[in-house]
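To start, the structure itself, in structure tokens.
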């Protein structure tokens with residue numbers, strides 16, 4: 001396309017940018033084990049470290065999501081009387097990504113950006129993509145009004161028709177919803193999408209509540225839990241520096257005990273000053289009425305009143321307000337880590353001033369993709385095309401307009417290619433075509449720092465200060481980097497070094 005452009009009148013205004021940025025970028029790759037900062041924070045100010053359990057202290061193998069999918073699918077058949085034929089569907093780990101929205105009434109799964117716009121090409125009904133024209137007709141454009149979006153915790157309640165799936169455990173739920181929708185659609189079966197959503201949600205919940213998942217993991221812990229000696233190394237490092245530590249999890253006592261014995265050791269309780277199980281987050285952070293109950297060595301709940309949270313003991317339920325009263329651990333001297341942006345982090349940072357750290361396992365794989373030469377070359381040329389379109393749109397002659405149309409077509413193809421680097425259906429967890437995803441918007445608001453796993457802490461001193469990068473605002477860009485969008489004579493060169501380094505996906 002660029003060669004054709006050289007023959008057009010618009011070419012007279014082009015000052016080709018001759019520097020090949022790809023080699024320089026390849027020598028300055030992103031670190032998948034780094035900790036990224038949304039808000040300046042010094043670990044020297046942190047005296048108390050808190051942790052969630054699932055996907056924070058412990059990580060699970062790929063077998064777990066298959067287990068959850070199969071168990072919930074069987075519950076649909078056996079308890080909700082769904083057709084036995086849905087048993088033919090199996091869990092596909094490559095179908096969905098976290099952070100997607102599900103329109104409960106229309107039965108469509110989609111990716112939405114930080115401005116409530118749907119990324120066209122990522123809307124799925126069942127296992128099939130919905131054509132862009134149908135999406136635009138369905139929503140009278142591609143914008144989802146605020147009143148239709150999910151509520152504060154990502155749920156579809158109080159009139160909200162969207163549900164946002166933020167939990168890593170929700171990946172099999174999205175897949176099961178899509179598979180059952182697919183079966184009904186392919187077989188021309190009339191059904192109520194709201195009922196399907198509720199039945200799938202209840203079945204996934206029952207896999208947890210009825211103990212199906214917990215019993216399976218405890219019975220074959222080596223199959224389901226990824227042993228990580230670095231978890232103990234992180235906890236030991238913090239303990240050696242005199243830091244207080246606590247655990248607040250929704251998982252049951254015996255399940256947590258067996259998992260922690262496996263990944264940390266039988267003395268794991270000695271590392272924690274307070275352990276709270278079955279906390280029922282996020283209610284734990286808001287409901288002031290539920291008192292703590294002590295759990296004895298046999299897992300029996302005791303009835304005595306709790307006046308102090310003692311080291312070495314396990315407590316059930318309770319609430320954050322009582323926790324703060326009994327421990328005195330308040331404000332910015334506390335840093336809490338969790339994987340669920342809403343249930344683990346939102347209330348803590350907004351209402352109580354705790355510092356928060358998000359564990360995003362997907363981050364490591366996305367950064368590795370971004371470090372590949374193919375991705376860097378594609379993004380560099382994509383940014384160059386965008387700059388060319390912006391600068392050359394002033395040329396209104398027919399020949400120039402034809403070239404510009406070719407560039408727009410090529411830009412769309414490049415965007416689709418970039419999306420496919422991460423996930424063929426939905427792309428990156430962090431970006432739509434050009435905007436941050438709604439997931440990243442919430443991550444940026446509720447997490448002071450984020451990382452792929454707790455092991456990333458081992459690379460930093462306990463007094464390290466995290467400084468967020470000062471990225472130029474849109475109105476600051478011309479003054480800061482006039483060459484940021486200078487045109488290039490071929491796809492290999494590019495001028496998008498700064499935007500590319502900040503990008504987190506497609």
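Each Cβ is built from the backbone N, Cα and C atoms, and glycine gets one as well.
Sequence annotations record features per position, and here TrEMBL assigns active site, nucleophile to 52. Annotation comment: TrEMBL describes 54 as active site, proton donor. The Mg(2+) binding site feature in TrEMBL is assigned to 52, 339. Taken from TrEMBL, the feature GMP binding site covers 54. Look at TrEMBL and you will find 480-506 tagged as region 'Disordered'.
Residue 52 (active site, nucleophile) sits 8 Å from residue 339 (Mg(2+) binding site), taking the CA atoms of both as reference points.
Cβ neighbours of residue 339 (Mg(2+) binding site) (same chain, under 8 Å, six or more residues apart in sequence): 52, 54, 55, 56, 167, 168, 358, 359, 360, 361.
The active-site residues listed here are 52, 54; among them, 52 has the most other Cβ atoms within 10 Å of its own Cβ.
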